[in-house]
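Features as listed in Swiss-Prot:
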ACT_SITE  43  active site, proton acceptor
ACT_SITE  70  active site, proton acceptor
ACT_SITE  191  active site, proton donor
BINDING   7, 18, 192, 213, 214  3-amino-2-oxopropyl phosphate binding site
BINDING   9, 10, 45, 50, 100  1-deoxy-D-xylulose 5-phosphate binding site
SITE      151  site 'Transition state stabilizer'
């Protein structure tokens, strides 16, 4: 059965807006797990714009389910991951000027660097996932890199303006799931997933984990973290 990986980056974004200690993503992660999230996701960016090293250190000790660390494939980040040992690392592209991750990794262009990072992480006992667009050639390259999983970038699906466009994106995602499964890779998905568009996506099957942050945090402001997480878990469970 598919699982929810709760991304708590936006809690850290609110905290950093005032430079204080609240709200604390560590507390949000604990509440999320109590409500049914089966993993916690954080993105430690090179510019530390939201999640801080302190958050990673504490979450590594307190998360009871699975900690998924999103990060760039840099020497610094690989060293941090090998020291803190999250259960999973998801390699993602980074641009300093972007508000959020805008697209998948270009694994084809950066195959050597990504393969080197994947090997170091896996040698350290960490499961590795690559955040990629639902592109057949990128998935083939991801498999060559030695990664265990792909995380399908669902942004184009989430941004589709109408059902015909959304349906085309779903077909691409479905083909990506099938190819990854064929070559023995696990499949996760994330980016732009909300309480409406999760249903057709989850109905495809083949996705092990949905990493969702913004839509859950937006709802949590209005109804509380417990209700927001439980609502999403229910949608994933009964899609």
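Cβ atoms are placed via backbone N, Cα and C, with glycine included.
Recorded features from Swiss-Prot, shown on the structure.
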{"residue": "7", "record": "3-amino-2-oxopropyl phosphate binding site", "Cβ within 10 Å": "29"}
{"residue": "10", "record": "1-deoxy-D-xylulose 5-phosphate binding site", "Cβ within 10 Å": "21"}
{"residue": "43", "record": "active site, proton acceptor", "Cβ within 10 Å": "23"}
{"residue": "45", "record": "1-deoxy-D-xylulose 5-phosphate binding site", "Cβ within 10 Å": "20"}
{"residue": "50", "record": "1-deoxy-D-xylulose 5-phosphate binding site", "Cβ within 10 Å": "21"}
{"residue": "70", "record": "active site, proton acceptor", "Cβ within 10 Å": "26"}
{"residue": "151", "record": "site 'Transition state stabilizer'", "Cβ within 10 Å": "32"}
{"residue": "191", "record": "active site, proton donor", "Cβ within 10 Å": "25"}
{"residue": "192", "record": "3-amino-2-oxopropyl phosphate binding site", "Cβ within 10 Å": "17"}
{"residue": "213", "record": "3-amino-2-oxopropyl phosphate binding site", "Cβ within 10 Å": "22"}
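Listed in sequence order, the recorded positions from 9, 43, 45, 213, 214 having a Cα within 10 Å of the Cα of the residue listed as 'active site, proton donor' are 213, 214. Taken over all pairs of the listed 3-amino-2-oxopropyl phosphate-binding residues (7, 18, 192, 213, 214), the Cα spread reaches a maximum of 26 Å, rounded to the nearest whole number. Neighbour counts of Cβ atoms within 10 Å were compared for the binding-site residues 18, 214, and the top value is held by 214. Using a 10 Å Cα-Cα cut-off around residue 43 (active site, proton acceptor), the recorded positions 7, 9, 50, 70, 213 reduce to 7, 9, 50, 70. Listed in sequence order, 25, 41, 42, 43, 50, 51, 213 are the same-chain residues six or more apart from residue 9 (1-deoxy-D-xylulose 5-phosphate binding site) with CB atoms under 8 A from its CB.
In space, 70 is the closest of the recorded positions 70, 151, 192, 214 to residue 45 (1-deoxy-D-xylulose 5-phosphate binding site), judged by Cα positions.
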